[in-house]
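Engineer: Take a look at what TrEMBL says about it:
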type     : residues                       : note
ACT_SITE : C:C7                           : active site, nucleophile
BINDING  : C:C254, C:C412, C:C468, C:C471 : [4Fe-4S] cluster binding site
BINDING  : C:S308, C:D375, C:D376         : Mg(2+) binding site
DOMAIN   : C:7-233                        : domain 'Glutamine amidotransferase type-2'
4 protein chains.
Amino acid sequence: MAYKEKCGVFGVYNVEKAAHTTYYGMVGLQHRGQEGAGLVSCNQSEFRLHRGHGLVTDVFTPDDVDSLGGINAIGHTRYSTAGGKTQLEGFQPFCVHYRMGNLALAHNGNLSNATELRAFFENQGVLTQSTVDSELFLHLISHSKRSSQIDQIFDAMTQAEGAFSVIILTDRFFCAVRDPNGFRPLCIGRLKGRGRDGTDGYCVASETCALDLCKAEYVRDVEPGEMIIIDKKTVQTGTFSSLKLPQKFGTSQCIFEYVYFARPDSRVFGEFVTKVRRELGRQLAREWPVPKVEEGELLPVIIPIPESATHATLGYHEESVKMGRPCIFDFGFFRNPYVGRSFISPSQELRDLKVLCKFNPMEHTLKDRIVVVVDDSIVRGTTARQLVKLLYAAGAKQVHVRISSPPVTDPCFYGMDFPSKEELFANKYQGDIEAMAAWLQVDSLGYLTPEGLVEAATRSSGTRHSFCRACFTGVYPVPIEPTGRRDSSLDW
Amino acid sequence: MAYKEKCGVFGVYNVEKAAHTTYYGMVGLQHRGQEGAGLVSCNQSEFRLHRGHGLVTDVFTPDDVDSLGGINAIGHTRYSTAGGKTQLEGFQPFCVHYRMGNLALAHNGNLSNATELRAFFENQGVLTQSTVDSELFLHLISHSKRSSQIDQIFDAMTQAEGAFSVIILTDRFFCAVRDPNGFRPLCIGRLKGRGRDGTDGYCVASETCALDLCKAEYVRDVEPGEMIIIDKKTVQTGTFSSLKLPQKFGTSQCIFEYVYFARPDSRVFGEFVTKVRRELGRQLAREWPVPKVEEGELLPVIIPIPESATHATLGYHEESVKMGRPCIFDFGFFRNPYVGRSFISPSQELRDLKVLCKFNPMEHTLKDRIVVVVDDSIVRGTTARQLVKLLYAAGAKQVHVRISSPPVTDPCFYGMDFPSKEELFANKYQGDIEAMAAWLQVDSLGYLTPEGLVEAATRSSGTRHSFCRACFTGVYPVPIEPTGRRDSSLDW
Amino acid sequence: MAYKEKCGVFGVYNVEKAAHTTYYGMVGLQHRGQEGAGLVSCNQSEFRLHRGHGLVTDVFTPDDVDSLGGINAIGHTRYSTAGGKTQLEGFQPFCVHYRMGNLALAHNGNLSNATELRAFFENQGVLTQSTVDSELFLHLISHSKRSSQIDQIFDAMTQAEGAFSVIILTDRFFCAVRDPNGFRPLCIGRLKGRGRDGTDGYCVASETCALDLCKAEYVRDVEPGEMIIIDKKTVQTGTFSSLKLPQKFGTSQCIFEYVYFARPDSRVFGEFVTKVRRELGRQLAREWPVPKVEEGELLPVIIPIPESATHATLGYHEESVKMGRPCIFDFGFFRNPYVGRSFISPSQELRDLKVLCKFNPMEHTLKDRIVVVVDDSIVRGTTARQLVKLLYAAGAKQVHVRISSPPVTDPCFYGMDFPSKEELFANKYQGDIEAMAAWLQVDSLGYLTPEGLVEAATRSSGTRHSFCRACFTGVYPVPIEPTGRRDSSLDW
Amino acid sequence: MAYKEKCGVFGVYNVEKAAHTTYYGMVGLQHRGQEGAGLVSCNQSEFRLHRGHGLVTDVFTPDDVDSLGGINAIGHTRYSTAGGKTQLEGFQPFCVHYRMGNLALAHNGNLSNATELRAFFENQGVLTQSTVDSELFLHLISHSKRSSQIDQIFDAMTQAEGAFSVIILTDRFFCAVRDPNGFRPLCIGRLKGRGRDGTDGYCVASETCALDLCKAEYVRDVEPGEMIIIDKKTVQTGTFSSLKLPQKFGTSQCIFEYVYFARPDSRVFGEFVTKVRRELGRQLAREWPVPKVEEGELLPVIIPIPESATHATLGYHEESVKMGRPCIFDFGFFRNPYVGRSFISPSQELRDLKVLCKFNPMEHTLKDRIVVVVDDSIVRGTTARQLVKLLYAAGAKQVHVRISSPPVTDPCFYGMDFPSKEELFANKYQGDIEAMAAWLQVDSLGYLTPEGLVEAATRSSGTRHSFCRACFTGVYPVPIEPTGRRDSSLDW
């Protein structure tokens, strides 16, 4: 399924041609946001900002990247919305000036005390330029009474609540912070000998795939509640916790990064994403096996919804064979890589056409077969239903849907862009799987159990993590503001 | 001569299709700024901003103007710089949100206590987004302790020093302010029956020509030190003065608006610009008459540097004839209207080509003649020298330069974009007119005297004005901050 | 008045940086066509073409001009149409390949035997790409049975009928041709020492102002019926006449070039345009003098419709004073140079707004005055009527219109873009000047007589010319095809 | 591997909203050409053309498609070149006018007698606008002496030699033609009840996937040497053969369409592409099996070069397991869908970066494994070598390369864009597989045998086809012109 998440962040410190390196890093994080991109480079004490709508490769021409230059830089990819163009004012990185000098910031996540903070600052006479939570960090820092800039940032982080993986660039240092719950990922890389005079440079990114693309070596994750300061001479690290919020639940890293968000070639929360996804598929096969076929019948074909469900499907297939349920792994849809944002909205009489242009069913693979189609999740259910229809039209005998995560029943307030609770497919049917299968018009529908999900994710990634599963359970590890919260998010 | 001034401002209140009307008003103020344009419209409580680089007609497509819509709006045209593209962040109108709601603002002028104010706010933890003085008004307003929004604005205006003609739009009212010295012009128009339910609408503009283009009737100028508030029910007015600065010199309206800035079809400071310009030309003829010619010689030809000097030239010619010095008025240069920003910089071997492409001398008019060329002013002298060269190349027998204002010896800190003192032609030669004429390679050079200028301007406009003449005298009516001042201006 | 003419042509041969020089030449011919521009450069045997919609300065970036390079080049500016965008396929120069090699061609004018030629070629199996007459030259050349390329071109020219000033570039030489009647202008310039190894380069242009801008020295006009061939070693010239058409009327150069088309700083048909225009104004004053004013009344003010009527107005004023009718020359309209193609079409309730935004009347000049407004011609009459209305609204006591040419009663088939006969103002009223004045709502209306026009043009330009005056007389010096002719022209 | 093929063609006849339908069809043929796209629609007798650089979804805005409208239309996607922008003049469809009326044409293929035809026409006085073979069809048609338009087209087709799948639209009918050898595919679809008054519409496309996207039902292929004429009343069909060329070899359909070109969800030459590709993979496994592993060693992993080799890899894996060589199918590279044309060329010190950004190896899958990587073909070998390097860097223990086609030793002259013979990897090493493996630095390299290829393709597609295998054998079914041939192709 196609979710929308808010942003990827990337930054480099002490790296020759910092803007170029950041460009490649952002290309690696493009899947975390396609609405727009921004980059702030630092050349001595001059900060240069370039932002624009669209893909990284469209926003930045070679001339742009050359003229950004720099030895330090931070970048941000912004998630995609269906509606009209958002004004550039709300695009990150933010780059402002305050009494200590320049301050550039990129943020992935959502603050859960944003309304409260915004009200506080407005009463102080503060002007705001956007409805983006991330702007609040800037005010928290500039209004801190501490005298050192590091302390000001530390001060700010203890007052922020919710999900935040943040990269900051000042005139003096580079800083990476992850909230105490560690909702969103953030990792550190080293660029050996790529800094001034052959020193090592550093980079920080939402996912390790961005490190790969700039040939940085993965060092480790920024830990939940950790703040790392890198300057010309030292790398310092410290931990912080929320001023008001007791850390009741331990960490709560977003399990949906494993299910759907992260790029399969990334290591997230310290573990390879493909490894976890394959395991989710295996677990799913154990919970919801391939239907048995009769003697002489064609073997069932196991197909993914491309691309996100591919690895879970491979695991599902592998486990199925191991379980003595012979079946074939194949691709049942051709996904047209050229169908993107600028595809013309089909006219009324040709509706469903965008789905068809994007996912054309492969008759040869499907005809007369029992088809088990694996997806990572279902949000609204409308696309799923269209795809099922296409499978039958292509000659499928039966269609069985398998989902490698539990039903999504509740919205995310920590940085993932789900629709409202009312629009969520699983919520509409209150978990009545039979009814859901009926609406989708499938022969069977199977979701991974919450226990199975956590167990599989823990099994493949070791035991040191605790995950946020709020979207499956409605239990939110950090309290959500009662009102206005979603509105502010919708303003984005 | 081509000066660069900072901006034209325009606003409408209670006018159907406010964005359309503002578009036409801005087209009328295009001569005050060609680098960019911006427009904020207000639709009920929603403020929409559109800004861009280039001419008004390029920045706004019909779709843009339609979607801006609105019943109230303010617009801004931004002056042109030679260098690279300025980031849109510094483009006006500014549109922010603070505890009282939305706040949109457009400003023409320069604050002379900007450095002090900026330092003050930075110490308060304020973030700044640009190096534009105009942003400071927003902080002055949002940090005011007064409870009513009108009082907050009033409060802000008493703390600002220097040149400011400001238009403000809030959720509740529309406001126009002119600084106590009245440096820059600002006038009020009425749009009879063009508001909701047939009520009258209002507009405010830098110059009356913008009123003409939206078919508004000229009411009067906003007075120096006046603040006008228009809301749904009432038009209120009040006067204010600077908190710190005693009003020593009376008003000090920019006399350069008459000399060069304003469009000839405007009424500025209450008087028709052409009327004043013709009078400046007449005075110039009295001070620096046409050379006498011998019996049988061809009559001298009096030509303007198009377009700005045309009316002064007409006055010069008229007075010359009246004084018994027969001569011909003609155009000695063809000015190519198609040579603008995008003209390709000529290569080395074709230098002077841009001047030639823009101003082609007319051989037939000039050949074997004594040529008296009238301009409004000389800034650096380089273009003047090239034009003189072209006149000789076209066959002029003698070239006499007449300037309808005194030598520009000092920079302007009140909103006019002169180069630094060092670059000013008249300053380089310390007023040695002979030396200046020699460098320009002309047969004679005559400037209007400062007394002649004021006398002529006063004569044609009545006696109620006192003018700022700092650029000719170095006497600044409002004190200038000692340091950093020009730097901040250069950052623009 | 604003007419639309078809095109300016420019070419250079043996000039370093030929594309740059052509760019400047085209900027000088921009007034002859603003819809689009094209340039073909020749680099050794490689021909490069770049065409686009809009102004020369918009169509060509510095990179474009650099990459065009070349030692020879030809350019074309295309006239402006009101309607939708024309497809680039119809834009000149045309650049094709045939058995003799490359062939690039730019043409100003209209062929009167186009329909016949087109039919002939189609029967031969020829494909056509546009409905532009100019394409026919290419087929005439490539289908010629002659063996030498020069002879092929010569052959082509003898078969073309109508108005054509043509520039051709081949792999071997450069060629300039003017039709035997010499309808449209074409002149030759020399660029001393600007060619390879310090040799002289040459250029050919529609008007001499283009020569000025590339610092070429005016040599002479291409004569009617002359074909000039320039190659690496020689400049050859020859004369040709139409195969079928006896040259009954001598030459018939377009007198409208003097009245309106040509840039005032150009020399056309060998004479300075301003000189002729001033004389037209003088003649007009003699035929239609300024109204007498009574003792004590304000002097009448004589104003031009800017910019085209300025020089005729100066002549009118000069002669009036000489005739003992004292009056003042002034500008009654401010013409906004920023109102161009991209100006937004005003909404219904703001109609007439484009005229107002473009021509704002100057109240100070007009109020309580008798106004004599001089224009070069009237086509449809609608704009004239709006302008008269604006003059009265600005306080004019009387408005007298004076036109420095006779009534335009008939369309042009030789390269000028008039509307159809039915739409012509003078044709509608069958020359009833009283009725025309009434419709315009003016106090008087005076046109120059045809005799006065020719007399004045001849007087100022010597006696060697005979002119085409078909638009005033309906007498066409070259026969017009009975049908389809205008249609093909409208297809443009 | 990434080859470049020349073009996809699509056309519809008698379909409401023809331009919309053609847009969707072209989106489905985007993989056959990304450099540009063009569409000609026919509205009664008006033909409208729109062409542009880039992807279909970028070239056409909704407004463009709406204004094209039409009831008939043809479209063309143009292949991508590495170099600078090609001029639009060479983009198809071509749309011209000749004595019979309008003629629009789109062509996929290459004429092998192009030089001869071009010379013939040039001697007739024909002008050419491009160096594209396809233009020659237009001249062949318009120079035909036959009187009926259908006969003219028939006449033209008998004179063309080489590879051509052509779609033609005239004022009266729609026509689809495939050369007698049937090099390139072309198929017919029916749009039931989607024409005027509920009649059936028709479409023709390079591949069936385009039919799917416009919900057309696949009827059959256009047969080699078949010409189909569809008009308002009838569908006619006829066969033709080359005037000069005896049909020695039967048909010679391009086997590379199965190997690489065609979209996997298409049916080409009547057979499903995936079916053939899986079979090629199976055959490859039999010829070049997975290396045996020792007891206790990790199972080998079989990975495709995404996306083109995926189905062959599935077949290879399936057969390997069946053969008793247990192994795992997985993805060893993540292919970034956002890395396309506008990706910035990496600087010198970051070379190989584009390959890395596009194909990031997945460490988890590869580490310590024997890796068998399957690709469809190798052209130059440079990318293959870089990918191998990445596999080792990610920890692969051994790398074995398997290619699902024979070595490419000879260029294609029938519409496929290979580099010159000298640049072909297999040609350089004269088929010395050992040497090739050494250069690639792999543990083993295995190519499918030519016999295996044909056998597998024939097995899966039935026995009715004979294929062109010139690129593997150097035996060209239609003679190639001795000289100039490749040059003209390079001019494209």
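The backbone N, Cα and C atoms fix where each Cβ goes, glycine too.
Quick caveat, the model's predicted, so the values are computed rather than measured.
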Engineer: If you count the C-beta atoms lying within 10 Å of each candidate's C-beta, which of the recorded positions C:C7, C:C412, C:C468, C:C471 ends up with the smallest number?
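Structural biologist: Fewest other Cβ atoms within 10 Å, among the recorded positions C:C7, C:C412, C:C468, C:C471, is found for C:C412.
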Engineer: Determine which residues of this chain, when C:C254, C:C412, C:C468, C:C471 are set aside, have a Cβ within 8 Å of the centroid of the [4Fe-4S] cluster site's Cβ atoms, and list them as they appear in the sequence.
Structural biologist: C:F183, C:I255, C:F256, C:Y414, C:G415, C:M416, C:R469, C:A470
Engineer: Provide the number of Cβ atoms within 10 Å of the Cβ of C:S308 (Mg(2+) binding site), excluding the reference atom itself.
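Structural biologist: Excluding its own Cβ, the number within 10 Å is 22.
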Engineer: Please tell me which one of the recorded positions listed here (C:C7, C:S308, C:D375, C:D376) sits closest to C:C412 ([4Fe-4S] cluster binding site), measuring Cα to Cα?
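Structural biologist: Of all the candidates listed, C:C7 is nearest in space.
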Engineer: Including all protein chains shown, what's the count of other C-beta atoms within 10 A of the C-beta of C:D376 (Mg(2+) binding site)?
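Structural biologist: I get 26 for this one.
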Engineer: Suppose we draw a 10 Å sphere around the Cβ of C:D375 (Mg(2+) binding site). How many other Cβ atoms does it contain, all chains included?
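Structural biologist: There are 21 such Cβ atoms around C:D375 (Mg(2+) binding site).
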Engineer: Same-chain residues six or more away whose CB lies under 8 A from the CB of C:C254 ([4Fe-4S] cluster binding site)?
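Structural biologist: Spatial neighbours, sequence-distant, of C:C254 ([4Fe-4S] cluster binding site): C:A163, C:F183, C:R184, C:P185, C:F261, C:Y414, C:G415, C:M416, C:F467, C:C468.
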Engineer: Could you tell me the C-alpha distance between C:C471 ([4Fe-4S] cluster binding site) and C:S308 (Mg(2+) binding site) in angstrom, no decimals?
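Structural biologist: Between the alpha carbons of C:C471 ([4Fe-4S] cluster binding site) and C:S308 (Mg(2+) binding site) there are 19 Å.
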Engineer: How many Å lie between the Cα of C:D375 (Mg(2+) binding site) and the Cα of C:C7 (active site, nucleophile)?
Structural biologist: 23
Engineer: Quick check for the class: what is the C-alpha distance, in angstrom and rounded, between C:S308 (Mg(2+) binding site) and C:C7 (active site, nucleophile)?
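Structural biologist: So the Cα of C:C7 (active site, nucleophile) lies 18 Å away from that of C:S308 (Mg(2+) binding site).
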Engineer: I'd like to know the mean pLDDT over the domain 'Glutamine amidotransferase type-2' (C:7-233).
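Structural biologist: Across the domain 'Glutamine amidotransferase type-2' (C:7-233), the average pLDDT comes out at 93.
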